[in-house]
Amino acid sequence: MVIAIGFEGSANKLGIGIVKDGEVLSNPRHTYITPPGQGFLPKDTAKHHREHALSVLKAALEEANVKPEEIDVVCYTKGPGMGAPLVSTALVARTVAQLWKKPIVAVNHCIGHIEMGRLITGAKNPTVLYVSGGNTQVIAYSDRYYRIFGETIDIAVGNCLDRFARVLKLSNDPSPGYNIEQLAKKGKQYLEMPYVVKGMDVSFSGLLSYIEEKAPKLIASGAYTPEDLCFSLQETVFAMLIEITERAMAHCDSNEVLIVGGVGCNKRLQEMMGIMAGERGATLYATDERFCIDNGAMIAQAGWEMFKSGVVTPLKETTCTQRFRTDEVKVTWRS
Amino acid sequence: MSITEANCLSAELNVPFPSAYEAGVAYGSLSVDKEPKRGNVTRELHVEGNVLHVRFQAKEARTIRVSINSFMDHLKLVCETIAEFGPVR
């Protein structure tokens, strides 16, 4: 029996979760929510994490009904993500690991998402679409590495949605993407916009500039409603993602597809992916907001896998890094 | 020009802890992260008894201030964590 605790703080969510042999014992999270029209900045986000770290940690231990001495390994997010929030979260992980005399495992955030998705859905060897505010990648496992088949060449799809939500001054509570999704359901009129797929990669920055410039005029003139624009933006960016995911599946001859990351809880994205998977005779695996959105349990789960395969990070090496690609990590826990 | 004693600002911080144990834990947590390269600040930590000694060196007042500020934020977080989960005093 191995009990792992995971600390996640690479973006605006602070999450601490406890996992015992594939069972999530607790997974509390506190989100830094900014006023409408504003994004989250590294310094303020780090302050948020420092202020809430101990209360979230206490909640994680209480909900799991686990005492510190019962924990076997302390896992934390090494990267990728925003530097200051990552370090603030890692400091707490390092300190408790020393106080409790436990080994530490440094976890790649993207791999946390993949392993959590596999655990919750039971997908064996899926092609993975990882979509969030900071990352957009199509990933498949081969020969000890999670290989990136396609990715964004500029901003993440979630960043594109979040920033369009700022143009419309939508609330960031619970998340800008959620509020776009709700408006999109009422959209009727489709506005054609740039559809940018380059080989296996996608690009969203030109599309964002286009809609940022057009939206105020289109809404003011009454030609399109904010609902129409949310609908059109979602349909366009999701179609791009489905296209590159389908191509990766065809390439890998894959019959499973897994969606992870914060944008992954979007029901319309899941529906579109489900249609594509159905046409190919493949199975779609997706999770809900508890596990799609950044959380501590995913770091605990990936760290649990790594620890069981013999990986430990010496304290001196428990640094953080803003850039840390999915394919840099040797996957020692899969055959 | 490299950062040497003669041409730079320096600051020393001495942080007493209840015992050498807590000072060692704080050292372990706070000594891992390097100062950002762009800042041109050096930060050295060492422990003597129950005191954590920190020495900052930089060429500009602005960068040394930023570095000390950030260190104080981190120190506070580590001290709070030790107070919550460390040995009962």
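Each position is counted from 1, following the chain as shown.
Keep in mind that glycine also has a Cβ here, set from the backbone N, Cα and C atoms.
Nobody curates TrEMBL annotations by hand; they come from automatic prediction.
Record features, source TrEMBL:
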| type | residues | note |
| --- | --- | --- |
| BINDING | A:His109, A:His113, A:Tyr130, A:Asp294 | divalent metal cation binding site |
| BINDING | A:Tyr130, A:Val131, A:Ser132, A:Gly133, A:Gly134, A:Asp162, A:Gly177, A:Glu181, A:Asn266 | substrate binding site |
| DOMAIN | A:29-300 | domain 'Gcp-like' |
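Feature map: annotations from TrEMBL on the structure.
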residue	record	DSSP (3 states)
A:His109	divalent metal cation binding site	helix
A:Tyr130	divalent metal cation binding site	strand
A:Gly177	substrate binding site	helix
A:Asn266	substrate binding site	coil
A:Asp294	divalent metal cation binding site	coil
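A straight line from the CA of A:Asp294 (divalent metal cation binding site) to the CA of A:Asn266 (substrate binding site) spans 14 Å. Summed and averaged per residue, pLDDT over the domain 'Gcp-like' (A:29-300) gives 98. Within the group of binding-site residues (A:His109, A:His113), the Cβ with the highest number of other Cβ atoms inside 10 Å belongs to A:His113. Taking Cα separation as the measure, A:His113 (divalent metal cation binding site) is nearest to A:Ser132 of the binding-site residues A:Ser132, A:Gly177, A:Asn266. The residues near the divalent metal cation site, meaning same-chain residues not in A:His109, A:His113, A:Tyr130, A:Asp294 whose C-beta sits within 8 angstroms of the mean position of the site's C-beta atoms, are A:Ser10, A:Cys110, A:Gly112, A:Ile114, A:Ser132, A:Asn135, A:Val260, A:Gly261, A:Met298, in sequence order. Of all the Cβ atoms in the protein chains shown, 18 others lie within 10 Å of the Cβ of A:Gly134 (substrate binding site). Here the CA atom of A:His109 (divalent metal cation binding site) lies 11 Å from the CA atom of A:Gly134 (substrate binding site).
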